[in-house]
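Below you'll find the structure, written out as structure tokens, and then a few comments.
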Amino acid sequence: MEEASLRNQTTLVTYFRLGGLSVNQKVQIAGFAMFLIFYVFTLIGNVLIVITVIYDHRLHTPMYFFLSNLSFIDVCHSTVTVPKMLIDTWSEEKLISFDICVTQMFFLHLFACTEIFLLTVMAYDRYVAICKPLQYMTVMNWKVCVLLAVALWTGGTIHSIALTSLTVKLPYCGPDEIDNFFCDVPQVIKLACTDTHIIEILIISNSGLISVVCFVVLVVSYVVILVSLRQQISKGRRKALSTCAAHLTVVTLFLGHCIFIYSRPSTSLPEDKVVSVFFTAVNPLLNPIIYTLRNEDMKNALNKLMGRMEGKEKQ
């Protein structure tokens, strides 16, 4: 009887109401213009990186294989939340159905967790390239790269299924207001009509632990890399430092959000929306900027690709 009652309670909530970025209409319109620009440039920048890596055979290396994966994830990650946020700018109610909300949570955590694992793999790739250059192509051969890619996508999928399943099983009978512009597990479980203390502990143990452990591994990797760079010639050191600085910037911005949101109980803070904006809209745009502006090989490949495209247009 209790299980049937919970199922009936769950069906009472068919829609959630998103709080959006702001209740001020002028702020919302300004936000629409800004985030539309961010999203368009995110798509253009990351798609260009993927095309360039595929097109230029000189970039067919493990580093750029993982970089193209990162760009693909960033496009998907941004698309999960930003288009809905742009549409909701012109809507007063900002409704999202229960099923769409669950779908959004699933893909949000799939791409976010996969990106965390990918950034960790990229740090390992840089460690091998800098600290063990003679063994690099043996250790990071294409079979290993493909297996690592499959492993990180599998890990992200398992993580997302676990969190989404825990959230869906809870009964929702009101309230229905999500204090954000997208559905995420911490905000949604607060609306459950039951005690969610155990679920919150599981979320912190899962998402929070993954974020913290990966961040520690990344920091240790870069400390080892920086120590190793002290013994290399100046030109090689500058190029390696540039690559590592770009990677470390991305890692800090991305994992900083994950640790802030998922390593504490699901309580709303004023900073949550600001952090979420960087996580979903700004960070995916920064990745292509950081990697292209600080990477000579990528800039040369992009210039070559653009030159070929201009040549075809003139013909």
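Every residue gets a Cβ built from N, Cα and C, even glycine.
In TrEMBL, annotation is done automatically, which means it is predicted and not curated.
As given in TrEMBL:
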TRANSMEM  29-55  transmembrane segment
DOMAIN    45-291  domain 'G-protein coupled receptors family 1 profile'
TRANSMEM  106-124  transmembrane segment
TRANSMEM  144-162  transmembrane segment
TRANSMEM  209-229  transmembrane segment
TRANSMEM  241-262  transmembrane segment
TRANSMEM  274-293  transmembrane segment
Maximum Cβ pairs under 8 Å to the transmembrane segment (29-55) - stretch from the list 106-124, 209-229, 241-262, 274-293: 274-293
Residues sitting near the transmembrane segment (209-229): Cβ under 8 Å, six or more positions beyond its termini, same chain? 113, 116-117, 119-120, 123-124, 126-127, 130-131, 159, 237, 240-241, 244, 247-248, 251, 255, 258-259, 262-263
Give the mean pLDDT for the domain 'G-protein coupled receptors family 1 profile' (45-291) on the 0 to 100 scale. 83
